[in-house]
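*Asks:* Among the features that TrEMBL reports, active site, cysteine persulfide intermediate is placed at A:C98. What TrEMBL records for A:F234, A:L235, A:R236, A:G237, A:K238, A:R239 is Mo-bis(molybdopterin guanine dinucleotide) binding site.
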Amino acid sequence: MIKDFECLKVDEIKVEKAICPVAEEVPLSIFINGRHFATAMISPQMRKEFVAGHLYSERIVSAVEEIESIEVEGDVARAIVANPIRAIVPRRPIVSGCGGIASFLDESKLPRIKSDLTINKKQAQEAMKAISLSETHIATGGVHSVGLFDQSGPVSIIEDIGRHNALDKAIGSLIIKGERFDLGRAFAACTGRVSSDMALKCSVAGIPIVVSRGATTGLAITIAQRTGLGIIGFLRGKRLSVYANPERFVI
Amino acid sequence: MKVQEIRSDFPILDDLIYLDSAATSLTPEPVLEAVLSYYRSYRANVGRGVYRQAQIADQRYRDAHLKVAGFVGGEDGTAVFTRNTTESINLVARGLDWKRGDRIVTTLLEHHSNLLPWMRLKEVGIDLEVIAPDKMGRIDLADLERAINKKTRLVAMSHLSNALGTILPAREVGRICRERGVLFLLDAAQSLPHMAVNVKDIDCDFLCFSGHKMLGPTGSGVLWIRELEDGKRNGEQRRAKGQRMSSHASKNQDSGKKLGSTELAPLLAGGGMVEDVFDDGFTFKRGYEGYEAGTPDISAGIGLGAAVDYLARIGIDEVHDHEMSLTRRLLKGLDGIGGLEVYGPGADSPVERGGVVSFGIEGLLPHEIALMLDQASNICIRSGHHCCIPLMRHLGLKHGTARASLYLYNTDEEIEKLLGNLEQIARMA
């Protein structure tokens with residue numbers, strides 16, 4: 001995930017040559033049933049999990065059983081999903097990601113999250129602590145970290161150059177495991193902003209709460225109000241802000 | 001196992017009692033669906049066409065190979081699709097780098113397809129040692145140990161006798177072969193569809209079986225090849241991958257002579273299997289593609305993948321238990337019919353066996369028994385030599401045997417019906 005590059009370090013006094021660790025970024029073209037669907041810019045690890053999670057959080061499939069096959073060969077991923085010749089109609093992107101991949105989800109057709117999960121301040125803080133221990137982030141300053149947590153602690157923590165990619169990989173890593181994981185019993189923690197696409201992905205995947213160190217957006221809150229997603233932002237030190245569905249947060 | 005549910009996937013069973021699955025099995029609806037959907041929705045040739053249908057065909061055909069390899073615990077090896085077990089064995093017989101004086105050990109229990117390809121190699125100076133089984137179809141491991149000498153390159157043996165139903169000690173033979181530095185080919189055509197067969201467990205180098213005996217379409221067979229290890233083993237490099245062959249070597253392949261250092265040369269050369277072609281030779285692709293020259297039976301391959309899915313969903317151990325329970329019932333019933341003799345392990349025999357049961361009735365030819373069962377009750381069984389003429393001669397069964405063989409879709413009621421019919425036939429004989 002990290003590659004060393006030569007760079008010039010410049011400050012007020014001197015200029016010096018140095019070797020700097022930089023986060024890697026690679027393209028991954030996803031073909032669904034033989035058609036190019038999208039090309040994502042992602043961190044190179046866990047490509048298969050990324051594709052599985054992406055298919056799921058973008059509602060290309062509604063259950064992991066609908067994914068017949070995923071093969072990854074270099075920068076190409078090929079997936080076969082139920083009903084192979086069903087045309088994947090290019091949907092208008094409604095939001096854009098910071099790096100990573102645009103979401104094609106249509107916010108006019110939103111699911112209602114079926115879960116009564118709540119979390120408290122301590123859980124939120126511990127989750128944030130756990131995802132902040134990212135070595136890649138400390139070395140490069142160039143990746144986001146997303147974790148999925150259940151009552152007992154972290155179930156998947158992923159780093160990626162893109163927040164959405166990390167969330168897709170975290171979801172993918174859980175759904176392709178043999179034993180079924182109930183995403184309705186998990187909450188997400190994220191080092192980056194909770195924008196509308198993050199809120200949409202959580203809602204579609206059925207994750208009831210997202211916690212972030214960063215801000216959220218107006219559209220994300222609108223979406224969350226419709227789907228029942230709890231959004232907690234600006235979780236820093238002892239402070240946090242609850243933006244949507246406060247009943248999911250136990251004070 | 002829910003037999004009635006399974007039977008609803010085999011509508012053909014409404015019209016007959018099928019007890020000839022050792023010859024070829026029936027095909028369940030999901031497999032037919034997989035075959036038809038290839039033709040109906042995405043028919044295209046495989047080998048990296050860029051358009052949508054070709055990509056789907058490609059991926060499903062590739063996936064089928066992976067599923068089949070996974071089914072036998074052979075993810076690290078290569079599953080090559082052939083037409084049948086016969087072709088798989090011939091691929092090994094023709095593809096190994098034989099030297100005059102090399103020796104092959106096999107048994108007299110073998111189906112012709114695991115005997116004739118080796119007999120043919122006598123023409124190029126290969127010695128063939130054939131171990132005789134006892135009346136129950138057992139081979140003595142001491143005989144095998146004795147038969148293997150310094151010149152021995154390969155032991156080729158079946159896992160389950162298609163004539164007597166006896167299960168042979170594949171694991172022990174695998175161990176002996178490994179100790180003695182000899183290649184081991186296991187003909188699992190009769191075992192693999194009915195019981196768990198794992199190449200890690202058995203430690204064979206080549207596993208040959210037929211997709212059409214395990215709910216797959218006809219025209220589907222498999223040769224699984226052990227992955228080569230780094231460095232050398234048995235003083236030889238165990239390569240199944242593409243290496244450059246000169247045109248000279250290719251010509252030699254036709255005459256069955258030494259062929260460079262390639263461990264297993266492809267049976268066919270031509271389209272789809274090459275990595276690169278030069279003026280004077282070519283290199284063939286790594287993996288299964290190098291062995292599947294020309295357009296393969298794509299739908300059969302994809303159908304076989306669906307058959308593996310079907311068996312895996314039910315569970316091969318469940319299938320085995322069901323069949324063994326039917327087999328015990330059948331053997332017990334046959335034991336009580338006067339004038340009927342079971343060939344191979346019978347009702348009270350401790351010898352390990354599968355659901356293939358051979359028998360004869362005094363005063364009747366095997367073909368007559370089969371014909372009577374068909375005419376009286378639409379019961380399908382096999383009769384004759386079962387492609388085992390040397391074995392039949394060895395056992396003194398001039399006209400062969402009548403043979404009932406079971407599978408997951410058979411029921412207790414069908415066994416009862418067979419027994420009832422046989423009782424009557426034996427009484428009349």
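For all residues, glycine too, the Cβ spot is worked out from N, Cα and C.
Keep in mind that TrEMBL annotations are predicted by a computer and have not been checked by a curator.
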*Asks:* Setting A:F234, A:L235, A:R236, A:G237, A:K238, A:R239 aside, what same-chain residues sit with their Cβ within 8 Å of the center of the Cβ atoms that define the Mo-bis(molybdopterin guanine dinucleotide) site, listed in sequence order?
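*Replies:* The answer, listed by sequence position, is A:L240.
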*Asks:* Could you say which of the binding-site residues A:F234, A:L235, A:R236, A:G237, A:R239 has its Cβ with the most other Cβ atoms inside 10 Å?
*Replies:* A:L235
*Asks:* Which three-state DSSP class does A:G237 (Mo-bis(molybdopterin guanine dinucleotide) binding site) fall into?
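*Replies:* Looking at the DSSP assignment, A:G237 (Mo-bis(molybdopterin guanine dinucleotide) binding site) belongs to neither helix nor strand, so coil.
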*Asks:* Note down the number of other Cβ atoms within 10 Å of the Cβ of A:K238 (Mo-bis(molybdopterin guanine dinucleotide) binding site), including every protein chain shown.
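*Replies:* If we count other Cβ atoms within 10 Å of A:K238 (Mo-bis(molybdopterin guanine dinucleotide) binding site), we arrive at 7.
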